[in-house]
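Database features, via TrEMBL:
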- ASP322: active site, proton acceptor (ACT_SITE)
- LYS28, SER29, ARG33, SER174, GLN176, ASP322, LYS349: 3-phosphoshikimate binding site (BINDING)
- LYS28, GLY101, ARG129, GLN176, ARG353, ARG394: phosphoenolpyruvate binding site (BINDING)
Amino acid sequence: MSASESSQAWTAGPGAALRGSIRVPGDKSVSHRAVMLGALAEGVTRVTGFLEGEDTRATARVFEQLGVRIETPSASERIVHGVGLHGLRGSDAALDCGNAGTGMRLLAGALAGQAFDSVLVGDASLSKRPMRRVTEPLAAMGARIDSEDGGLPPLRIRGGRELRGIEYTLPVASAQVKSALLLAGLYAQGETVVREPHPTRDYTERMLAAFGWPIEFSPGHARLSGGHALRATDVAVPADFSSAAFFLVAASVVPGSELVLEAVGMNPRRTGLLSALRLMGADIVEENPRSEGGEPVADLRVRHARLRGVEVPQALVPDMIDEFPALFVAAAVAQGRTVVSGAAELRVKESDRIATMAAGLRALGVAIEETPDGAIIDGGGLSGGAVESHGDHRIAMSFAVAAQLATGEVRIGDVANVATSFPGFEALAAQAGMRVGAG
Ligand code: S3P
């Protein structure tokens with residue numbers, strides 16, 4: 001189902017206890033990277049557990065446009081016929097990244113060292129997201145990328161540039177920027193070294209190593225040189241922790257719930273929400289911890305618990321950067337005050353997530369005060385009402401969770417983009433006991 005075919009608004013809640021056992025779709029970050037590295041590798045890469053979402057499909061379409069054959073034996077599988085580091089063919093038409101910041105930023109890195117020109121475009125939301133954070137360091141490597149005023153997309157990338165490695169310390173922790181520089185580094189003369197103020201998800205580093213590229217990395221640091229080759233390898237994508245997050249919160253807050261989330265990716269750079277919820281008093285048990293495709297996974301059993309407000313430790317922020325909308329909902333129903341700070345990046349996600357969550361929660365009767373880099377939320381109850389997700393998938397799903405505990409129905413507008421990361425959310429949520437549907 002494409003974003004435009006899915007419903008534009010939901011009516012959600014109040015809901016019943018969440019019960020049973022469910023598996024959420026594949027990890028978005030890993031799925032993007034599997035297609036990218038598979039395309040640039042020599043040989044055939046089979047990707048299983050692939051996220052069949054709009055964002056990752058856009059990335060696959062871009063590589064098809066650049067001459068890569070990608071087969072779809074089933075919705076959650078892709079077979080990528082790699083063309084090697086220098087085998088992509090330029091396209092006269094713009095390359096459409098849809099809603100995906102990850103797609104556009106990583107592609108900017110991968111395409112900066114090609115022999116041909118490229119133009120990267122995105123939807124209305126992506127067209128408002130800052131790209132200087134990648135174009136500036138890529139320019140320091142010798143790339144030539146023109147953007148619109150304010151460093152916004154479209155990005156016009158000149159081909160035929162000689163790239164050279166740089167040492168770069170990221171001003172703001174960002175796995176997308178780090179990954180863009182590492183992908184450009186594959187094409188650069190000499191060493192590319194990236195340092196981060198706080199460690200971020202390291203899927204690009206791990207996957208480059210799995211594809212046979214010599215790379216040195218540790219939390220907050222990565223180093224590689226150009227001039228090697230990527231060798232195809234199979235990639236097993238774990239279930240996306242960020243998609244599981246909505247259910248972790250829903251089952252924690254709705255009385256009587258006991259839900260198992262199967263085979264969730266537990267990369268420590270992704271599980272900050274788990275730590276934050278536990279600080280709030282959540283009852284979440286990791287069962288059957290194991291390794292799948294080189295990534296830690298576990299089944300998560302979550303039972304209803306009484307949550308209390310906390311000051312979210314700033315050290316957790318990069319490890320839960322996509323989970324704040326869900327955390328805000330937990331805070332809204334917890335006992336006492338929750339304070340979020342050090343999270344200004346939330347303002348430049350698919351929407352300004354501090355402002356959109358504050359507006360929506362206020363519409364449901366929650367006392368929430370915005371700060372420049374976070375919010376102060378006084379827990380209590382939620383009433384029914386109408387909220388807007390501003391085309392932001394994670395906001396839409398977070399309000400669907402909030403609605404389960406509201407005293408009346410919640411109407412959630414502009415939900416089509418849920419398909420970017422979580423196709424089938426409504427059906428899976430209903431299977432678990434939530435009430436959410438078109439309307
Ligand atoms: C991602 C990195 C994060 C995250 C995004 C996915 C990635 O963005 O918010 O959803 O796959 O590298 P930033 O790099 O902007 O923090």
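Using N, Cα and C of the backbone, Cβ positions are placed for all residues, glycine too.
Note that this is a predicted model, so its numbers are computed, not measured.
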Number of Cβ atoms other than its own within 10 Å, given for ARG33 (3-phosphoshikimate binding site): 27
Inter-residue C-alpha distance, GLN176 (3-phosphoshikimate binding site) and GLY101 (phosphoenolpyruvate binding site) (nearest angstrom): 8
Rounded distance in angstrom between the Cα atoms of SER174 (3-phosphoshikimate binding site) and GLY101 (phosphoenolpyruvate binding site): 11
Neighbour count (Cβ, 10 Å) for SER29 (3-phosphoshikimate binding site): 27
Chain-internal residues near GLY101 (phosphoenolpyruvate binding site), provided their CB is under 8 angstroms and they sit 6+ positions away: LEU126, ARG129, GLN176, LYS349, GLU350
Conformational class of SER174 (3-phosphoshikimate binding site) under the three-state DSSP mapping: coil
In the chain carrying ARG353 (phosphoenolpyruvate binding site), residues 6 or more apart in sequence that have Cβ under 8 angstroms from it: PHE324, PRO325, LEU346, ARG347, ASP392, ARG394, ILE395
Fewest Cβ neighbours within 10 Å, where candidates are the binding-site residues LYS28, LYS349: LYS349
Cα distance (Å, whole number) from the residue listed as 'active site, proton acceptor' to SER29 (3-phosphoshikimate binding site): 11
Chain-internal residues, separated by at least six, CB under 8 A from ASP322 (active site, proton acceptor): SER242, ALA245, LYS349, ARG394
